[in-house]
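Shown next, in structure tokens, is the structure this report addresses.
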Amino acid sequence: MSIDSLPPLREVIERHDLMPKKSLGQNFLFDLNLTSKIARQAGDLRDQPVIEVGPGPGGLTRALLAQGAYVTAIERDDRCLEALAEIAAHYPGRLRIIAGDALEQDFTALFPEGPKPRIVANLPYNVGTQLLLNWLLVEPWPPFYSSMTLMFQREVAERIVAKLDSDHYGRLGVLAGWRTQAKIAFDVPPQAFTPPPKVMSSVVHIVPRETPLPCRAEALGQITQAAFGQRRKMLRQSLKSIGGAALLEKTGIDGTRRAETLSVEEFVALANACLP
């Protein structure tokens, strides 16, 4: 069944009264060329498992299925479930719909065997960053997914791929740089969405590193949260609540430096210094 044999998305949205909810961070994609481009960015999807978070009325879902994927779609907006069920009827056995909150989902339990899924999603803007942090800090590593192809606001995308000495370097850049290789694949203009957001969006492609620098994810998460939570303060002050003086002494890192001047390797050293 081709993507063109399904009713137009605008018709589906009107029939099911699916106006996007700001409270859920929803911005629906209508452009079939764009949804197909996002799906292609994830690689060859023929007979491959894919996790999609926040499918809404199913614009990207259609593109993923048309390219041969087996899709597990997680949607917390009950209004969208009937529209997704109609898509599932066109692709028997290829679309699994889970009604629920992705932030509460145990993703590692979704695919207990077989090839690792790819995560492909136009993430709801209000939970996208937290979901990414969860996926970057997940244990064990290598993770449950083989790659991530995700839509973010452009400013968030720049923070994900940021390197030391760049304006956008921060906690996301450290954690993504530690465990993955991330790149901005392409931009998506506001007019591609309904309703159009006020900012440009970007698709980011993320591939896990098989062997990142040895470090406890929980410790690195804590260190980066403290350091960048007060990024304008010196490290001896921003890390004070988590025993920063001892950590800085152990690692030989100057306490008068600020978080934005530390490399990924130096953050890993601080996290490892947390070990008893």
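Backbone N, Cα and C atoms are what each Cβ position is placed from, and that goes for glycine too.
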S-adenosyl-L-methionine binding in Swiss-Prot involves Asn27, Leu29, Gly54, Glu75, Asn122; of Asp17, Asp101, Asp106, the partner in that site is Asp101
Longest inter-residue Cα distance for the S-adenosyl-L-methionine binders Asn27, Leu29, Gly54, Glu75, Asp101, Asn122, rounded to the nearest angstrom, is 20
Other C-beta atoms within 10 angstroms of the C-beta of Glu75 (S-adenosyl-L-methionine binding site) total 25
In this structure, the one of the binding-site residues Asn27, Asn122 whose CB has the fewest other CB atoms within 10 Å is Asn27
With the fewest other Cβ atoms within 10 Å, the residue among the binding-site residues Leu29, Gly54, Asp101 is Asp101
